[in-house]
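As given in TrEMBL:
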{"type": "BINDING", "residues": "Cys32", "note": "[2Fe-2S] cluster 1 binding site"}
{"type": "BINDING", "residues": "Cys72, Cys75, Cys107, Cys109", "note": "[2Fe-2S] cluster 2 binding site"}
{"type": "DOMAIN", "residues": "172-357", "note": "domain 'FAD-binding PCMH-type'"}
{"type": "BINDING", "residues": "Leu200, Ile201, Met202, Gly203, Asn204, Thr205, Glu206, Leu207, Asp303, Arg365", "note": "FAD binding site"}
{"type": "BINDING", "residues": "Gln698, Phe729, Arg854", "note": "Mo-molybdopterin binding site"}
{"type": "BINDING", "residues": "Phe856", "note": "substrate binding site"}
{"type": "ACT_SITE", "residues": "Glu1202", "note": "active site, proton acceptor"}
Amino acid sequence: MANLVQDSRKHVACYKYAIQYPLGCHYPATACLVPICSLYGAAVTTVEGVGSIKTRIHPVQERLAKCHGTQCGFCSPGMVMSIYTLLRNHPEPTPEQITKALGGNLCRCTGYRPIVESGKTFCVESTVCELKGSGKCCMDQEDGSLVNRWEKMCTKLYDEDEFQPLDPSQSKQGERITWITPATLNDLLELKANFPKAPLIMGNTELGPSIKFKNEFHPVFISPLGLPELHFVNTTDDGVTIGAGYSLAQLNDALHCIVSEQPKEKTETHRALLKHLRTLAGAQIRNMATSGGHVVSWPNFSDLNPILAAGNGTINLISKEGQRQIPLNGPFLERSPEADLKSEEIVSSVYIPYSTQWHFVFGLRMAQRQENAFAIVNAGMSVKFEDDTNTIKELQMFYGSVGPTTVSASQTCKQLIGRQWDDQMLSDACRWVLDEIYIPPAAEGGMVEYRQTLIISLLFKFYLKDPQKFPNIPEKFVSALEDFPIETPPRNSDCVDPHQPLQDPVGHPVMHQSAIKHTTGEAVYTDDMPCIDQELFLAPITSTRAHAKIISTDISEALALPGVVDVITAEDVPGDNNYQGEIFYAQNEVICVGQVVGTVAADTYAHAREAAKKVKITYEDIEPRIITIEQALEHNSFLFDEKKIEQGNVEQAFKYVDPIIEGEVHVEGQEHFYMETSSILALPKEEDKEMVLHLGTQYPTHVQEYVAAALNVPRNRIACRMKRTGGAFGGKVAKPAVLGAVSAVAANKTGRPIRFILERGDDMLITAGRHPLLGKYKIGFMNNGVIKAADVEYYVNGGSVGIILYLCEISLCFASTQVVEFIVLKSENAYYIPNFRCRGRACKTNLPSNTAFRGFGFPQGTVVVEAYITAVASQCNLPPEEVKEINMYKRISKTAFKQTFNPEPSRRCWKECLEKSSFYAGKLAAEEFNKKNYWKKRGLAIVPMKFSIGIPTAYYNQVAALVHIYLDGSVLVIHGGCELRQGLYTKMIQVASHELNIPQSHIHLSETSTVTVPNGVLTSESMGTDINGKAVQNACQTLMARLHPIIRKNRKGKWEDWIAKAFEESISLSVTGYFRGYQTNMDWEKGEGNAYPYYVYGAACSEVEVDCLTGAHELLRTDIFMDAAFSINPALDIGQIEGAFIQGIGFYTIEELKYSPEGVLYSRSPDDYKIPTITEIPEEFYVTLVRSQNPVAIYSSKGLGEAGMFWGSSVLFAIYDAVAAAPKTFVLSSPAAPEMIRMTCVDQFTDMIREIPRDDPSTFTPWSIRVS
């Protein structure tokens, strides 16, 4: 069983599997938190047990694949297990149950909607896809296909009679830990008395992370799972007692029953708990975490404790000495010694009393995202009135996440007893509670003013909640009490060309070629590769200082630990340790927190990680320590020279305009958060200093180059092999080369295979992400909105090294400098400004080097463009969409760098978006809504796009492909592109099938390798299909030319006959195809060039609703119109657009990287860094592929993977449009996170906060700083 669970964990970051307990219910759980010993007596099902390509697949797996709900595939097994488990309990689920079941899952590729849709096919009155109303999928293949040979499997997979009888008591002894499972309650109490410091393990959702990330160690664990005395519900006339062993999911079910059976007035507390349980964590955690454990383990940010306290709940304790009760009140929550548990006591149950007629309980919370996120501030409040009056008899207010413990505003409540529940009471309560609850200016978590504002904003919501006051409150205030619903939209996408021949694979929504393997967990990623004899695991030793000298390094304690083979440092690098500015192992000096100083090689990863912690490094700080762009500007610290384009006479034009406005925009960075972290398997060979590396990368040639340099061997001794990777988004272009070199040096020194799999925290720390940006603008325009002159400056935070990639000894800086180049070249977006100057520079700071990310600078830089267009509109008192249309390119024109292009597709997308989204009707409806609602506001925004494809360096577009035809007629295609998630291999099969005129089933793609296709370029910039498709096409056309004489002589023959005949006639059936590349160029000295082969155009419109009291927002609708020309695979292309859009939503709204003033990245886990979940999908979502012509690309297609990222900005500007409808202090920046939204809205509560005397900034160090 141990091997089963651990194997499955490799498929996803936190893998979900189903557990069946004796009650017969099935639960998805998070494998990385479940101790294997706790599974005794459970039936464990992994994704391999659900279905397999070796036997038969389950309908869940089949439908997820056929509905295109998988891209990189790394998260797919988790999605399968969540839906599968739901179906085991509810064979005909509702759409709401599907959404709820998937709430704890993360996906970075698809945008979630196709995943939800695959689940909804099991709902009543559902069809597999909207293209057929028959209940059949448009992707169903002919009878001879692989999928249809498998029988449809019943959702009931287990016969309970097969389970063996259980021994109720078990003790398990490990290397350092003893695990005890008591058989009875008395046994449990005896054990707790004998081992008072031993933790109780039930759900392990709190203790597990503490052991893993905080280095906690416990020699004894006691696991009372299954004791009936801890699993019960007992109701009396006064309230309900819930056993401490009940999971939060079981608690939720029990509360639903109670609420349905009892009068509303008695269940105030129960309903408040239910509301919070819906969004507390995810389904997997709720199935594991127990009510008793939650109450005693989460004192400062528990969503439930403040509500239980406000509802006068109590916890029942038991020990050998007897039983007692502790009120869940201020002293307990604030951890007063007299109100805490004794070491030998356990929580047996939680008591929740019924409320009375004049007693009202309310729970409130605000988090970074709607579901599965810790609260920024949460509260539980209750008020009891004198009968038939609004006189306060009792009042309680408890706040979480405002201090180290849950805080009771007891003094404020005492002062309000006897007061009337009116506006004056509210005003006094707000002032007093702010006096009572003090948040220090350097408090952990930051957001001090925002949290203070939430304290009184949530109090105001509670004030409005009073049913006696409710009928009399202004109608404008009513919406403040309404929570945003959690909904998922139906698919509304226009994708397939109806005129495309059915027999032609090109142009049809072909399923991802690895989709079935993704959903069965049989797609092999780097860490899934079997263990190799003598294999060692590598753990990094990273710098804890941003800029310092290394005074000494002591590795003696690490080497003494069991299992440790060696510690690798800079002295062990046989070749170049500082290659093209990139340092593999720091030596003498560190230049950022997270820089690799050394690595530990050991027989297990646990041993390597433990040893890495024991390495002692002494530092001496070096000044200056530069963390932010502003600090870099102060110290004139830059990586490279300025890049500039200019047209017209900017200075002269400023003299003849009406107003001139100046401003700046800050855009923070973004973490790639690919599902599969950086993974490398380095295999040293016994001969000729050869080495093979299996890894996930976008650029195998670059890895080969760096490894060869580090080992001081020719590149022909290094083979890099890449089958697939679990997402990349630009993060695996440059960084895998450094990590590959680090791994190769370790393999070279030890002479043994090295497995280097970064944990999420290390990956986020070491590899960095999207460049933070500061944009400054000066705009001259006329009063009618026509912009005459623009002077724009961009600065990006490049980090400590400007990563340089070389090909043929010619440098191409693919990180900071090229990001700046792309920002500058794309800085016009879709607008023509006759006098235009744009300059950009990359700042050198002491942060890890930022790198490529989807969109490559465009998502940051174009926000500045849209910001100054919006500012011009505001100055002219015109709608932003009118000013945008006035200034858009309208005819065949030249860009500011003098490249000719035709904006007609852009104009068409803009027009269609305005019309089909009902934009103007939506604006009128939003204006009407805003008039009627004071605390909720709606906003709409539409943005155009002119996105350039490719790289302005011709040789970087060249590729080769190898196509073999075997004597049985099967075809092997190999090319230099990497399968990241985008379906590149699938499209190459379509291309080969089309060109060779054979079924796709005849064609196979194995892997990308530097051995088979040398000198391959990177897979990025949406160019994978463009360039590799051309190479595959060239190879196939060459083969068909060779076969043409044979086919002409035997036109009725079969493919296999032609191949056999060709072999008999000694015709080569192997061809290397080649594409020279788009002939692009850019002369930066002249500021002109033919920089890009073509452009992708489009427009997107979004509508949002904002809660001005909390800063929360809901995305109501999005319409995307994308110029796709001719789509080779509409399903994959729409998946790219939707996935990029949802990733863009994260970038522009909720994803925040937090840095300390010392350069330490705080946001290094899913707890601290929030990517979008299912709840971020717009309620209405429409994607339309607009058709046009693109003769330069294969089959007149266009690359769409990068461009869709920018559509997330339509949500950003819709939020600002909504905020503009409220009183505000308006400074545009990104992301528009809840804190920014709330603090932009000005009201009596923000005024109160700003009246509070502030600490002198020189007396404290803020917890976090902005690095843009």
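Including glycine, each Cβ sits where the backbone N, Cα and C put it.
On the structure: features taken from TrEMBL.
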residue	record	Cβ within 10 Å
Cys32	[2Fe-2S] cluster 1 binding site	16
Cys72	[2Fe-2S] cluster 2 binding site	31
Cys107	[2Fe-2S] cluster 2 binding site	28
Leu200	FAD binding site	24
Glu206	FAD binding site	16
Asp303	FAD binding site	27
Gln698	Mo-molybdopterin binding site	27
Phe729	Mo-molybdopterin binding site	30
Arg854	Mo-molybdopterin binding site	28
Phe856	substrate binding site	29
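Within 10 Å of the C-beta of Glu1202 (active site, proton acceptor) there are 25 other C-beta atoms, taking all protein chains into account. Distance noted between the C-alpha atoms of Gln698 (Mo-molybdopterin binding site) and Cys75 ([2Fe-2S] cluster 2 binding site) is 19 Å.
Under a cutoff of 8 A between CB atoms, and with a sequence separation of 6+ in the same chain, the neighbours of Met202 (FAD binding site) are Ser223, Pro224, Leu225, Ala244, Gly245, Thr290, Gly292, Gly293.
Residues Gln698, Phe729, Arg854, recorded as binding Mo-molybdopterin, reach a greatest CA to CA spacing of 12 Å. Inclusion criterion for the recorded positions Cys72, Cys107, Cys109, Leu200, Glu1202: a C-alpha placed within 10 angstroms of the C-alpha of Arg854 (Mo-molybdopterin binding site); this criterion is met by Glu1202. Listed in chain order, the extra residues whose Cβ falls within 8 Å of the Cβ center of the Mo-molybdopterin site residues Gln698, Phe729, Arg854 are His672, Tyr674, Gly727, Ala728, Gly730, Gly731, Lys732, Val733, Ala852, Phe853, Leu980, Ser1020. Calculated from their C-alpha atoms, the gap between Glu206 (FAD binding site) and Phe729 (Mo-molybdopterin binding site) amounts to 32 Å. Mean pLDDT across the domain 'FAD-binding PCMH-type' (172-357) comes to 87 in this model. Comparing Cα positions, Glu1202 (active site, proton acceptor) lies closest to Phe729 out of the binding-site residues Cys32, Leu200, Asn204, Asp303, Phe729. Across the structure, Asn204 (FAD binding site) and Cys109 ([2Fe-2S] cluster 2 binding site) are spaced 29 Å apart at their Cα atoms. In this structure the C-alpha atoms belonging to Cys72 ([2Fe-2S] cluster 2 binding site) and Phe856 (substrate binding site) are separated by 20 Å. On the backbone, the CA of Phe729 (Mo-molybdopterin binding site) and the CA of Cys107 ([2Fe-2S] cluster 2 binding site) stand 13 Å apart.
Looking at Asp303 (FAD binding site) and the residue listed as 'substrate binding site', their Cα atoms lie 39 Å from each other. For the [2Fe-2S] cluster 2 site, the Cβ centre of Cys72, Cys75, Cys107, Cys109 serves as reference, and the other residues of the chain with Cβ at most 8 Å from it are Thr70, Gln71, Gly73, Phe74, Ser76, Arg108, Thr110, Met675, Gly726, Gly727, Arg981, Gly1139. Note on proximity: among Cys32, Leu200, Phe856, the binding-site residues of the record, the Cα nearest Cys109 ([2Fe-2S] cluster 2 binding site) is that of Phe856. In this structure the C-alpha atoms belonging to the residue listed as 'substrate binding site' and Cys107 ([2Fe-2S] cluster 2 binding site) are separated by 21 Å. Comparing Cys32 ([2Fe-2S] cluster 1 binding site) with Cys75 ([2Fe-2S] cluster 2 binding site), their Cα atoms are 14 Å apart once rounded. Here Cys75 ([2Fe-2S] cluster 2 binding site) is positioned 31 angstrom away from Leu200 (FAD binding site), judged by their C-alpha atoms.
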